[in-house]
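Here's what TrEMBL has on this protein:
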type	residues	note
TRANSMEM	B:6-29	transmembrane segment
TRANSMEM	B:36-56	transmembrane segment
TRANSMEM	B:62-83	transmembrane segment
TRANSMEM	B:95-115	transmembrane segment
TRANSMEM	B:135-156	transmembrane segment
TRANSMEM	B:188-208	transmembrane segment
TRANSMEM	B:264-282	transmembrane segment
Amino acid sequence: MYVVTIFQLLLIYGLLTLSLNLVVGLAGQVNLGHAAFFGVGAYVGGTLLKAGSPFLLALAAGGVAATALGLVLGAVSLRLRGDYLAIATIAFNFAVVAAFLYTPYFGGAYGLSGIPRGMAPGTYLLALLATFALAVFIHERVRNSESGYAFVALRDSEAAAEAIGLSVARFKLVAFALSTALAGVAGVFYAAYIGTLRPEDFGFPLSVTLMAMLVVGGIGGLWGPILGAFLLGGFAQAFAFVHDYQAVLYGLLLALVMRYRPQGILGRTS
Amino acid sequence: MDLFTLTALLGDGLAVGSIYALTALGLTLVYGLLRVLHVAHAGVYAVGAYAGWWAFRGTGSFVLALGTSAVVAALVGLFLEAWFYRPLQSRPPHVALIGSIGLFLAVGDLLRILFGPYQQSLPALAPTPVVGMLTTPQLFVVAATAVLLLGVYLLVEQTRLGLGWRAMAQDAQTAAALEVDLPLMSRLAFLAASLLAGLAGVLVGAYYNQVYPTMGAVLAYKGLAIVVLGGLGNLWGTVAAALLLGLLESLAVAYLGNRFPPEGVAFVALILVLLFRPQGLFSRARR
Amino acid sequence: MTVLEGRGLTRRFGGLVAVDRVDIQVHQGEILGLFGPNGADKTTLFNLLAGAILPSEGHVYLEGREVTHLPAHRRAQLGLARTFQIVQPFRSLTALENVLVALARDSYRRLLPLGKLGTPERRAKAMALLEQVGIADFANRNVSQVPLGVLKRLEVARALALEPKVLLLDEPLAGLTFKEAEEVLAVVTALRGRIAVVLVEHHVRLALLVCDRAMVLDRGAVIAEGGPEAVRSDPRVIQVYLGEEDATA
């Protein structure tokens, strides 16, 4: 039973890393604020679930809300590059968390609690698995299609991509939209899973964790993000016995993997 | 505004701003040369603080504390440069960034494991008032910073090392072609940056009379805000931005009190700058 | 027939006038060379035509249609292709894939095209293009491991994949060995009569061999225009290049 619970959490992490991979791995944009979209989906979906709405509606609403915000960040990415964009995404994350913190409707500092699952546990697991499978399908479909190559092209050389007729701006926005939609959906599942949301759960540290999962697992492909999610997501559970040393081990893991295998465990040396 | 309020604001603002300046200067120096956001810099700062605390606890000498922190921090910085940053130079930027964040987390937690999660005190500077509300610690911090900044200024503007740095920051390829020793420049930059950070750590520890494992965290975030405010890679812009932030935070505490956390000032400033002037407040517009 | 035209093109950078009221016309099937001792004005004019930067004044017309304010990707869709002085291949991809991406331009009008990139039809076209520029052997090689001469020709192949009306080449011979330069020039010459080509080059002597017409810029303004022989022996041109080693290169 415990295993199933952890497995569900890992699936949610998997959704998040796959979504992040679309923007970071394929399109090559920096996003150190991905947790914000997860949070938006969670809060919006959670609020609807609490109000008794059917799960599918909450799911759609969470996804749409996250996408809308994702397009905002996408627009920012059109104006800022590299390190500036990285810092902007961090600031974005903080801003969203602050919004949760200071909005009484979302419970402020106390957060949102009492979110119902909206369905039987068995159904929930099936729904989550189905969504995960769908996410994998979409991820692969996009990656191996003309769009996937378009993302890679704009990652490798924006100037050249423009020169062959690719609207770089539009494709960046699409990448962000897809990525954040998926993150928002994951958020709704998370809200139903955990029942209580607090603003600080969706802050910069989570964004760093997501980015770390992606980078440690190996960006770009399919199994890298999934491995990263399961490995680092399961880390806290697996290393529960060294509870006291978790942070230092985790930090060291990040540092060592980046130092000695920067392409990630399943990444290819480029 | 009466003398007391003015001196209180100025004193605290400049003192805090000075600490920011010392740390952020190193951050922007490293960025200018290696184009990497050295998040672990805040970890070096904390290590320096603990080194200084440990020296002070053992010897009672503040001077020794300062010296120890400088040396230890410099060594840590040099190690990071050689073992982590330089080998990863040819990699995409997110590699060094994530690894740096990992290092920062690890260092912070290591300090907790070694020295315990509680605050340690560093009572090296007695808070005696001097003029109005200005206290000795404030004067000391500001004076120490001024001296150090003067040293940096001389180093950067008047020595060949500084020339090498400036060349490398502007155009590393050409600098290398002109036989500027890039690895040496990089090593010395980390040396200088870490030295300043270590000293800043001890100064903060003495100023607030507390040293604790997560003391680098706030500085990590604020450091990013400051270097963007001042212009990534712009040394003196960063110093100006740091002092400015210190003063603004002082004002915020004084006039907004509990309604607005002073940490928010850096954050709001960062957002505004990113929206309207991403190249920084003090950069000659290069965008 | 005029395929590409610039009228009164002017571009200022602060106080500096990089391009000064230049009129330029490129005709169907001709190879036009753009020369000048200073790099900045040629490159700026090139980028104005390509859509990489916007003019301070003046207009650009592609097949009679005003494109002055259209971004580069729109001009590419309308038939204007360009290469880059510092090659910009898609480094994660193979040579073939580089060309395939350019061939998918119709799909890229859609929001999220999910079709297969390497359809048999596209592959055939891509291989044909690679053969046309003589680098078919490198088709499945990742471009990060390929010599510069090959990359330069890949740029041309990728540009030709757009089936352009006009091809802008930005210093295609820069950084090449003599043999590589010959190969590139052969590719360019073969295009004569089929599409319009504008060639910006520093290696004047080599480039003049393939041009039908030439224009020389000095300090942002046109100082000579005409057939290669006339331009080469134009006293103003010689004077402006005097002291420049490239004039005798």
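Each residue, glycine too, has its Cβ placed from N, Cα and C.
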Margin query: Which sequence-distant residues neighbour the transmembrane segment (B:188-208)? Criterion: at least 6 residues beyond either end, Cβ under 8 Å.
Written below: 15, 18-19, 22-23, 25-27, 29-30, 33-34, 38, 41-42, 44-53, 62, 65-66, 69-74, 76-78, 80-81, 85, 122-125, 137-138, 140-141, 144-145, 148, 152, 155, 161, 165, 215
Checklist line | Result, the transmembrane segment (B:95-115) in contact with the transmembrane segment (B:36-56) (3+ CB pairs under 8 Å) | finding: yes
Checklist line | Cβ contacts under 8 Å made by the transmembrane segment (B:6-29) with residues that lie 6+ beyond its boundaries | finding: 37-38, 41-42, 45, 131-135, 137-139, 141-142, 144-146, 148-149, 152, 165, 189, 192-194, 196-197, 199-200, 203-204, 207, 219, 222-224, 226-227, 230-235, 238-239, 241-251, 253-254
Margin query: Quick test of the contact rule: Cβ under 8 Å, at least six residues beyond the ends. What residues does that give for the transmembrane segment (B:264-282)?
Written below: 221-222, 224-226, 228-232, 234, 236-237, 240-241, 244-245, 248-249, 252
